[in-house]
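Visitor: Structure provided below as structure tokens; questions to follow.
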Amino acid sequence: MKPGIHPDYHVTQVTCTCGNSFVTRSTAPNGVIRAEICSSCHPFYTGKQKILDTGGRVARFEKRFGKRK
């Protein structure tokens with residue numbers, strides 16, 4: 001690595017609005033990052049994810065443009 005061209009890499013405390021916090025490394029200058037969502041409260045990781053109605057979208061597309069054979 002060339003000296004003097006890379007940003008400083010600090011130990012950083014990340015705090016989520018849900019109250020979860022963890023330590024990582026980052027180039028954040030003050031060593032603190034506030035996040036709105038993390039793996040503890042994100043719906044994908046908590047299992048509370050809602051499945052979108054993609055079947056209805058496909059049916060509507062086929063109705064408008066015809067189903068290919």
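Yeah, the Cβs are placed from backbone N, Cα and C, and that goes for glycine too.
Per Swiss-Prot, the features are:
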BINDING   CYS16, CYS18, CYS38, CYS41  Zn(2+) binding site
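Buried or exposed, and what's around them? Tell me for each listed feature.
Guide: Around the Cβ of CYS16 (Zn(2+) binding site), the number of neighbouring Cβ atoms within 10 Å comes to 18.
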Visitor: Using a Cβ cut-off under 8 Å and a sequence separation of 6 or more, which residues in the same chain sit near CYS41 (Zn(2+) binding site)?
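Guide: Spatial neighbours, sequence-distant, of CYS41 (Zn(2+) binding site): CYS16, THR17, CYS18, ASN20.
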Visitor: What are the non-local neighbours of CYS38 (Zn(2+) binding site), defined as same-chain residues 6+ apart in sequence with CB under 8 A from its CB?
Guide: VAL14, CYS16, CYS18, ASN20, PHE22
Visitor: According to DSSP, which of helix, strand or coil covers CYS16 (Zn(2+) binding site)?
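Guide: Looking at the DSSP assignment, CYS16 (Zn(2+) binding site) belongs to a strand.
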